Every structure is written in structure tokens, then in C-alpha cells.
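Feature annotations, reproduced from Swiss-Prot:
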REGION    1-401  region 'Carboxyphosphate synthetic domain'
BINDING   Arg129, Arg169, Gly175, Gly176, Lys208, Val210, Glu215, Gly241, Ile242, His243, Gln284, Glu298  ATP 1 binding site
DOMAIN    133-327  domain 'ATP-grasp 1'
BINDING   Gln284, Glu298  Mn(2+) 1 binding site
BINDING   Gln284, Glu298  Mg(2+) 1 binding site
BINDING   Glu298, Asn300  Mn(2+) 2 binding site
BINDING   Glu298, Asn300  Mg(2+) 2 binding site
REGION    402-549  region 'Oligomerization domain'
REGION    550-932  region 'Carbamoyl phosphate synthetic domain'
DOMAIN    674-864  domain 'ATP-grasp 2'
BINDING   Arg710, Lys749, Leu751, Glu755, Gly780, Val781, His782, Ser783, Gln823, Glu835  ATP 2 binding site
BINDING   Gln823, Glu835  Mn(2+) 3 binding site
BINDING   Gln823, Glu835  Mg(2+) 3 binding site
BINDING   Glu835, Asn837  Mn(2+) 4 binding site
BINDING   Glu835, Asn837  Mg(2+) 4 binding site
DOMAIN    933-1068  domain 'MGS-like'
REGION    933-1068  region 'Allosteric domain'
Amino acid sequence: MPLNKDIKKVLVIGSGPIVIGQAAEFDYSGTQACEGLKEEGVEVVLINSNPATIMTDKKVADKVYLEPLTVEFVEKVIAKERPDSLLAGMGGQTGLNLAVELYDKGILKKYGVNVIGTSIESIKEGEDRELFRNVMSRINEPVIQSEIVTDMEDGKDFANKIGYPIIVRPAYTLGGTGGGIAESEEELDEILALGLQLSSIGQVLLEKSVKGWKEIEYEVMRDSRGNCITVCNMENIDPVGIHTGDSIVVAPSQTLSDKEYQMLRSASINILNSIGIKGGCNVQFALNPNSFEYAVIEINPRVSRSSALASKATGYPIAKVASKIALGYTLDEIKNAVTEKTYACFEPSLDYVVVKIPKWPFDKFQGADRVLGTKMMATGEIMAIGSNFEAAFLKGTRSLEIGKYSLEHKKFRELSIEELKTRVISPDDERIFALAEMLRRDYRMDKVAEITGIDKFFIKKFRWIVEEEQRLRLSKIDDLDKEWLYKLKKKGFSDKGIADMLKVSPEDIYRLRNIWRINPIYKMVDTCGGEFEALSPYYYSTYDVYDEVEVSKNKKVIVIGSGPIRIGQGIEFDYASVHCVKALKKLGIETIIVNNNPETVSTDFDVSDKLYFEPLTEEDVLNIVEKEKPDGVILQFGGQTAIKLANFLKEKNIPTLGTTADQIDMAEDREKFDELLEKLKIARPKGKGIWSVEDGLEEAKKLGFPVLVRPSYVLGGQGMEITHDEKELVYYLSNAFQKDKKNPILIDKYLMGREIEVDAISDGEDVLIPGIMEHLERAGVHSGDSITMYPTQNVSKDIKEKILEYTKKLALGIGIKGMINIQFIEFQGNLYVIEVNPRASRTVPYISKVSKVPIVDIATRVMLGEKLNDLGYGVGVYKEPELISVKVPVFSTQKLPRVEVCLGPEMKSTGEVLGVGKTLDEALYKGFIGANISIKKEKGTVLATINDHDKEEFLPIAKKLHSLGYKFIATSKTAELLKEEGIEVKQVRKLKEESPNIIDTIKNDEVDLVVNTPTKGNDSKRDGFHIRRAAIERNLGVITSLDTLKAIVDIKFKEIKDETLYIFDLSN
């Protein structure tokens, strides 16, 4: 069935900000879908609130609206643009929920908008737990014994009937949000109450736990004629009970018999046919490891995290094919874009193994509860490809950037076998290392399989790796012969991993490899197991005989990607990498990307000329460089992951384009940077690097408290803190020196000033600043967690001139060619520099979109030797636009148990939204709504606990809230303060006092908003920490910065109405 000619203009809903459970995979699928629609001559209108995405670029859709993803704003776009169709399945859970709401409220009918692809009825059957269960029983597909409940009593009755443990799954939520496994009635009370609150329809499925069964997924495509293919099946190494987003996943499945494979494949197709899916769908099964019994867990009637993985694992462009199916094409009419000979109805065949390992944010949150369960906690993931499971797994382990090149982890060596057992029975992100340690101590394989629920097939593979590691540990380098080294390399061991075990340097192993000619060859991912030639291939390394890479003689550049999404290094860096590649291609240069993240646009098959899906380690990158012999390597756009390779590449005499390794060092090494600032006569907050607790105390005495302390060479403010007295400083320093004895700790005088930031481009002679950005929160809140305003609202002309002068001096002083990011503080009329990053930063996509300056494109051309004056955007500070744009951070702390919520110098946000308006108030209003910060709620109760040095500042804000009709609950001192000002307040007992106390007030739903300015951020023993956590877990707003609170209250005061606001198409 060819293209439906009635479809002329399609609205695509994006997935909004990156949160745990919904990351970069929807930028990848959304971009692919928009391109698929445009290829067919269809006009595409996009709404998405996330500025850090490729899909919101002006060339991806015809009209781009960076507006809040709410029914009100989507309706505005529909009313203005009048699309005839809506494609709902590309924006993750956010997009689906919005589409259902638009349908239910009659908005789609009112404007005559048809849903294309999977229908709303089918989406509901897939998402609504009750409808889904009814469909399954109608077609005789087994589901787990379960009950749908909408209140607490029914939930308890069901649990008592079938016994604990019980799995709680709320309807219409993301990444297992609000769900969990309840082992007792007390746990059920807590999980069920939250689940009912977070489900948009107040509905929760309680099901009998089949913890320990295998979890298997099928990624299936179906068209309107009922043709169905399975793109890929995947096996979770971790059993049911750990969310699939937190599981290690392998494709294709390794332990299913042919009968099991076919049985679940038939079930998947049966389910898609009965629900009437048109497009892609993910089906999850629980399979009893001891029989052929299985049960359907759930389906995702949309593209998902798993479909991004399946796409990258097979080379089959699921989102693009789904967009064509939505236009009316059938699978046998859609060409496979990788081969351009075969059609989309060919099932991909894999002659390799793919492993996905999640990337968790626990390095950012030391006190977090790391135990994995049904609620997803990973921020991102890596994918590794190998010719065998061991190779893919070891590649995956080193791709995580956790400093692990083997399965050995020092901290598990000290544990007893009982302690190790506990670590694998309640598995956390490090469970594989605990499991390896058990195997190292000859613990029986069948016992390990029994207590972990991991199939013996995988345990055997892990044991082989452990045995080889032990053998290496007991050997000397002279014992390593050609045959053994070849076998280790074939199974994925890295030079560094082998060297560490033999106590030699990686260089020694590299030398032996070169003598014996043990070098990797590269194989192709081509969707068809090599049966047809692929026109846009990507590659993985293996130690086989036949090499499939054709190396050209063209001028070529390698761009190093940024690896997995994590807090501090998110999708913004993928945005920069992709734009760099596009700029190089425009200049006729062959481009090669190296990256390992399956969720991103940069690893899509048709972005670069060649893609290497490899770990971003020294060895793996060097192998590719030696193979391709590029004219240069670009590191500036891959965040800290890429920058870390600068010194290594310099040692190997490999040319890097743009800023050199020595120049990077000048910006990142504290002493060299201080010398430069002195030479340039640029002020910075006083401070220095210290090597002991005693030095620190002495320096703090000189500077005067408060002081800012942090490790050197970090990303996203990791390990930074503001300390107010000696006790706090000693606590911080003793911990910091314990973690890292090799580098100094930096200690600065903390200035409570206005923070200002620039991303600039330098060609070695001039600089261009696309825009000066101002932070709403004062210095001390990490720039990635601050609300950012552009153009600036409170910065004088003199200071702006000084910013340009300092930026130029610094860029030329360091010798920057390309990007530089500088953060300033304005304090009492003076300008200080607090940080310089010699690379692209996370604000690049935001400032590119709102200033309309193609920053990455210009920076790339400058790195290749062009001059700013010839590129059409001039030099100096670029002219300011009329519209005001704010970037508002979005947090995922609710999904991470026992994690600090409080804003401070260490970054915590996972994503961001954009608010665009004619005035700052309008922009902030949209930004807050986009970030799901409640500003519409009329009246309510504020729980306030304010520390002493913030009380004076809090009063005028409290008075404003009071005049808006808000009631107050407060602890003794804050209550006294409010009473003195004539504000009515209910006093509540402190945490240490008897019930009912402050936590009970939160748990009894007496509060709508918590305002808590912390006395000491990161110590979870403090009351403030428990108050903030209790509030976040009840889905309440928690505000810890008075600057943010003041902005929210000012906006509430203005009483802005949705209907009076304009929406802006940013595509022109």
C-alpha cells in the first residue's frame, strides 16, 4: 500500500528533557522519523521542549516549536499549524501520554487531526494494564497472576491472598517510576501509595513475583497489512526483578533453545496482530528457566530504549521504517537504507554478539542506595560488539569509563564469601565484580547460577575470563607466547588489562602485538550477515583473519564521541559531535566517528562516512587511528571523555585538530592556569592547590570562610562542596584525600556573586562570543543546575565589555583554536574568572539555537584553519535577539533512593528544557511548566525550614506567598520569624522530636511545597537531608535555593495565563 496521499502535514511530539528512563534514544528515533517523513515530501511540524537535541534543529523538521509538552501548548501548535496527522510513537512515554490526553479531551477531533501509525485504541490496549490483560486472556497469552487496583485496601487484600513478594507496576509511567517489589505489608503501603499518585490514571497493577525467571525481549515491526518481522530478540543477563534498563542485555539471545525462540517469536507476532500495532513494538517476556512456561510482562507500543539498542545492534533503522509504515507503506515496499537492495521485510541476521551495559550515576551520589530493582536508575548505556560473548562483554566493561579493564575489583578482595553472597543476592551496579570474585574463590558454578538467577551459560563465560586473569597474575611477561596473547585478544582482553595482571605497562603488550602482528581487523554490521553489500556500514573490531574495512586515500578526520549519557556529560556533547561531522562533510572531508552509545544520533548509520562502534579507550582509539591514518583527530566535542585522550595522542605523535594537549593542560592545571591569569592581569577568587588537611586549614584561615573545595580534573563539579567552618572542611578533605592521593585539592574563597557564562570561538587571532549567558542562581550552584538566561538581564555594559576583553585575552593566551567555555563571577562590581574549559560545553546547543549562530560549524572550520572574519558572523559579541530564552534544569533524583536533592556545586540534573518568551516572565513561566515545576497551583501549604544566614532574605518571599493565600508550616526558629512578621504559621516538631513531627506532616500529605535551605549539603545524617528525601519521594516540589524560589513566586504573582502566550517557530 503506497503513500497515503491525504497525509500532507504531520505533527511529531518529542520526548522532552532527559530523565532517568527516557534518554537520548528518543532524539535518535525522533530525528530518524522526521527525516523519513520529509523524504516522502510530507511537511513536518515538531514540538519538543529539549534544546539539547538534534531533532529540534531547523533542518530536521520544517517547523520547530521548543515549547512545553503540555496539552495546552500542543493545542496552540495544532491551532496555528493545522496538521492533518499526528505521529505519537516517537516521543517515548511523554509523547504517548500526551497523544492519549489530546484524544481523550477531544482536541484531535476538534482540529481534524488523525493519529497515524499505531492508533490511540491500540496504544491504550498496550499501556492500560487492565485493557492489556483482557486482550491477553482473549488471545490465550499467559500473563502473571495479577490484580488491578485503584486504592490501598484492594491492594492489601490481593497481597494477602497470593502472598509476598508482590511487584507494583503503575500504569502510564516511565522506567518503572513509582513501582517496586514489596516484601511485606509495610513496604506495600509505601510503594503502592506513591504508585497510585504517580500513575496519570491512578491505576496500579499488582502481580505475583516471578523474580528469577529469564527476561527476554522481542523487537517487532508490523505494517497495516499485518506483515510482521522480528528485528531482534534480546536476552537480559539479569533475571526478572531488575528493570530491563538496569540489566546487562545481550543480542541475539544466547541461552534459548530453538523451540523457546520460536515459541516467544510466535507469541510476539500474535500480540502485535491482536492489538493492531502499526510500526515498532517491544514485547517483554518472563520465561521459566526450568520449563517452557512463559508469561507476557508488558509491551511498549512505540519506539523505546530497547528499539534503539535493536536498531544499532542489527543496523535495521526501526524508527525510520515505523515512520514509513505510518504513511501507509508496507514492509515489502520500504527499502533497507543500509544495503539499498534488500527491503524492510527481511529479518536481520547477526553473525556477532552485542552486549549493552547500563551506565549508573552512583559516582555522583556517594550515599545512594545502589540495589537494583524494578525501578530504573541508569542514566545511559554503552553497547559493545564482538565476535564472541567474552569479547563483547570485556569491551563493554572498559567502555563504561569506571577504570575497569578486567573483572577484578580491589574492594571485593577483602570481603568474605558470605558478604559476597549478600552483594549478589541483593544485586547492585557492581554485582558482576562480586560474582567474579566468588568464581575466583572456586565457588561452585551451579550455586552461583542458583543464587543470582543468571544462566549457567554466562557464569561459565565469566569463569573462563576469571581463570585467564588468575593465570596471567601468576605469570611473567616472558610466559606470554604468541598463541596465548592471540587467544586473549580474540576474547576481548585489552592491552591494559593484560599488562595490569602481568605488572608491566600496556606499551610492553602493544610492542609484543606488533612483533607478532596481532592486530585487530574490523568487521561490518550490515543487517544481513554479509549476504549483501552494505553501502553505509559501521564496524567493530575483532581478532579474525578477513578485514572488511576499505581504507581510502581521501582527506579524513576522526571525531571522538562522548560515550554513555551521564550526569555532567549528556546529550549536548552528542549534539556537538554530530554538528562537527556535518560541517566536515560539507567541506568534502571524509568523516569517521568513534563512539559506543547506542542511544544517540552520532551512532546512526548514515551520520558519518564511517562509524566505529568501539570503546573510547587509548588502545581502541589508537587501533582505529593506525588503521585509517587520518589527517587529524578532533577531541573538542566529546566532553571530558575525548579530552582525556589528548596527552596520549600527543605521545603517539597523532595530530589533533584545534587546541593542543599542552594548551588543554594550561587551562586544566591549576598552577599553570594561575600563572597565566597573573600574566594577563585577570582576577580569580583567591585560592590554591593543597596536598593535606593541615595545608587546607591553614589556607582557609588566610582566605576566610566560606570556602569552595574540589578535586582537580573533574567534570560536572564532581566532589565539589562549599564549607562554612573548620569541622566541615576537615570532614571533606579527609574523605577527598582518601579517594585520590595523586592530585591536589583546590581550595578557593567562595564569592556569593552573579555567575555569567560564555561559549566562545577563537581562531588564534580573534574571538566570537555568540551570546553572554546569565545564571539566575548565585555562584555556588553548579552551572548545569542553574537556570540560564539569554540575553543577560542584569549585566551592565561595562561588565559585558570586560567579559569580551577577558575572553579574548584568555583564548589567545592559552592558544585556543576552536571552542572555549568560560565561567565568570561578578561580585561587588568586579569580574572574576572561575573556570575555563578548552572544549565545547553543555550550553552549546542552547546558545546555538537561541542566538542562531551555528557554533559547532564555525568552530570546526576554524580548527581546519579558516578565519572568523571570513565566516559571516563577525567577531566580538554577536548581536542579541529580541526574544528571551531561559534554560531550566530537570532532575531525576526521585528515581535514586537516598540521594541528596539539594542544589550545590556538584551537578545533579539529567536534562533541560527551554522557555522562550517576549519577556523574561513569559520565558520563565514556560521554562517552569516545561520542567514540571508547579506554578499554576493556587494556594497551598508551604513547609519552610530556613537556615540562619538565609532568614532575612526569605522574609520578603514569604510575605509574597502569604499575600497569595499560601499557608505555612515551619519548625521553631523559622516559625518565630514568620510570626513576628504577622504571618500565620503552624509550628511543627523537628525530626528528632516525637511524632507527629516534620516527616509525618509530609507523609500525611499536609504539604504542597517544601522550602529547605540546607545547613550542610551532603551529610545524610542531618535532618535537612531526610526532610528533602521524604518530600521528593512523595512527589512534592523541593526548593533549596532562594533565588529559584523568588523567581517562582514572582511568576505566580504575575498570574500569567496560557492563552495569552505566543508560541515561536524557531526554524527560520
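Placed from the backbone N, Cα and C atoms, the Cβ positions cover glycine too.
His782 (ATP 2 binding site) carries neither a helix nor a strand DSSP state and counts as coil.
For Arg129 (ATP 1 binding site) paired with Asn837 (Mn(2+) 4 binding site), the C-alpha to C-alpha distance reads 48 Å. Arg129 (ATP 1 binding site) falls within a helical segment according to DSSP. The maximal spread of the ATP 2 binding site, taken as the longest Cα to Cα distance among Arg710, Lys749, Leu751, Glu755, Gly780, Val781, His782, Ser783, Gln823, Glu835, is 18 Å. Sequence-distant contacts of Glu215 (ATP 1 binding site), defined by Cβ-Cβ distance under 8 angstroms and a gap of at least six in the same chain, are Glu235, Asn236, Asp238, Pro239, Val240, Ile242, Thr244, Ser247, Gln284, Phe285, Ala286, Leu287, Ile297. According to its DSSP assignment, Ile242 (ATP 1 binding site) is coil. Cα spacing between Asn300 (Mn(2+) 2 binding site) and Lys208 (ATP 1 binding site): 21 Å, rounded to the nearest whole number.
Sparsest Cβ environment among the binding-site residues Arg129, Arg710 (other Cβ atoms counted within 10 Å): Arg710.
For the recorded site, Lys208 (ATP 1 binding site), the DSSP three-state label reads strand. Summarising the environment of Gln823 (ATP 2 binding site), the number of other Cβ atoms within 10 Å of its Cβ, over all protein chains shown, is 19. Arg710 (ATP 2 binding site) sits 47 Å from Lys208 (ATP 1 binding site), taking the C-alpha atoms as the reference points.
Measuring Cα to Cα from Asn837 (Mn(2+) 4 binding site), the binding-site residues that fall within 10 Å are Gln823, out of Lys208, Glu298, Leu751, Gly780, His782, Gln823. Counting every protein chain shown, the Cβ of Lys208 (ATP 1 binding site) has 18 other Cβ atoms within 10 Å.
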